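Asker: What follows is a structure written as structure tokens; I'll ask about it next.
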Amino acid sequence: MVSSTPEMLQGGVTREQIVPSRKRIKLPAWLEIAKPRLIPLLLATTLGGMALSEGWPLPSLRLACTLGGGALAAAAAGVLNCIWEQDLDGRMQRTSGRALPSGRLSPTAAFIGAISCTLAAAALLVSGVNCLAAGLSLLGLCSYVLLYTAILKPRTPQNIVIGGVAGAIPPLVGAAAASGHVGLSGWWLFSLVMLWTPAHFWALALLLRDDYRAVGIPMLPVIQGPVVTVRAISRYGWATVLLSGFGVWALPEGGLLYGLLLIPFNARLLQMVHQLGAAPENVDRAKGLFRWSIFYMFGICLLLVVSRLPMAANFDLQAWSLLQQMASSGQFI
């Protein structure tokens with residue numbers, strides 16, 4: 001029997017304060033298993049992939065079909081993940097109240113819902129966007145359910161490093177929707193999300209390592225401990241910051257404005273990584289980094305969209321013109 005008393009973590013923080021409890025934020029069972037809290041960030045990176053393409057901005061109907069199809073595919077992946085892990089969820093306090101382990105929804109009904117969402121996503125993307133976008137969405141779904149959930153997660157502490165490919169596919173979907181192909185800029189954002197994912201997820205895993213240890217999931221904090229995990233977070237955090245700067249060249253226009261606006265985002269990310277590195281056991285710092293990393297990726301995608309506005313292109317032209325004038329007049333010497 002699972003205790004109803006919130007379990008305290010180091011620093012006097014409960015799991016319910018880290019990940020909102022389903023007892024406090026009650027969703028309908030059919031919506032809960034779709035993991036709707038994860039979908040907005042996936043759609044944001046899809047928009048980022050679109051903004052990097054020459055086909056931006058998209059016609060309204062194609063934009064709606066892309067985001068709608070992506071949301072349905074993400075929902076299907078979330079449901080299939082819940083079906084696969086229902087026994088595991090039932091053994092962890094944090095997840096024991098979810099729809100499937102608690103019996104509020106049957107696995108059969110959930111599976112029918114997942115198949116329905118998958119078919120609807122494929123139909124919407126094929127008819128309203130293109131086959132490449134549809135195929136990439138289905139690849140992301142399969143990567144999450146099969147590669148990450150079924151194969152990597154229960155077997156290796158590097159599960160999220162490789163399995164992060166699933167969460168990095170939406171930018172490719174966006175690029176395919178905008179231009180019919182995936183160029184280097186789309187692959188840049190794919191790579192950025194891949195590098196961002198381990199630091200983001202390991203910050204959460206530090207908070208929940210007791211849960212993972214109890215059910216035998218070999219997350220990095222469970223196998224290597226907080227100190228090694230925080231060092232890995234630092235490496236991936238720095239790699240994320242370095243790669244994010246290449247967006248200046250990945251953008252068709254507006255890259256200079258993107259680069260300037262990126263500076264405070266990267267500075268804050270590195271500050272929080274450094275603070276966690278100084279106190280690997282500090283729950284508040286791990287929680288802060290986890291939350292900021294979400295805001296960071298939303299911010300990157302917003303910067304990509306803003307950088308495609310006409311005013312961003314004008315800013316770039318004026319800035320480069322000013323720099324050329326200063327160079328020709330010898331003011332840099």
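Just so it is clear, glycine is given a Cβ too, placed from its N, Cα and C backbone atoms.
Note that this is a predicted model, so its numbers are computed, not measured.
Swiss-Prot feature annotations, pasted as is:
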TRANSMEM  63-83  transmembrane segment
TRANSMEM  109-129  transmembrane segment
TRANSMEM  132-152  transmembrane segment
TRANSMEM  160-180  transmembrane segment
TRANSMEM  188-208  transmembrane segment
TRANSMEM  214-234  transmembrane segment
TRANSMEM  245-265  transmembrane segment
TRANSMEM  292-312  transmembrane segment
Asker: Does the transmembrane segment (292-312) make contact with the transmembrane segment (188-208) through 3 or more Cβ pairs under 8 Å, each pair 6 or more apart in sequence?
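Answerer: Output yes: the transmembrane segment (292-312) sits against the transmembrane segment (188-208).
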Asker: For the transmembrane segment (188-208), find every same-chain residue at least 6 residues outside the stretch whose CB is under 8 Å from a CB in it, and list them.
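Answerer: Result: 9, 13, 15, 18-19, 45, 48-49, 52, 94, 160-161, 164-165, 167-172, 175, 219-222, 226, 229-230, 232-233, 236-237, 239-240, 243-244, 246-247, 250, 273, 276, 280, 283, 286-287, 289-290, 293-294, 296-297, 300, 304.
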Asker: Does the transmembrane segment (160-180) come near the transmembrane segment (245-265), with 3+ Cβ pairs under 8 Å (pairs 6 or more apart)?
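Answerer: They are not in contact.
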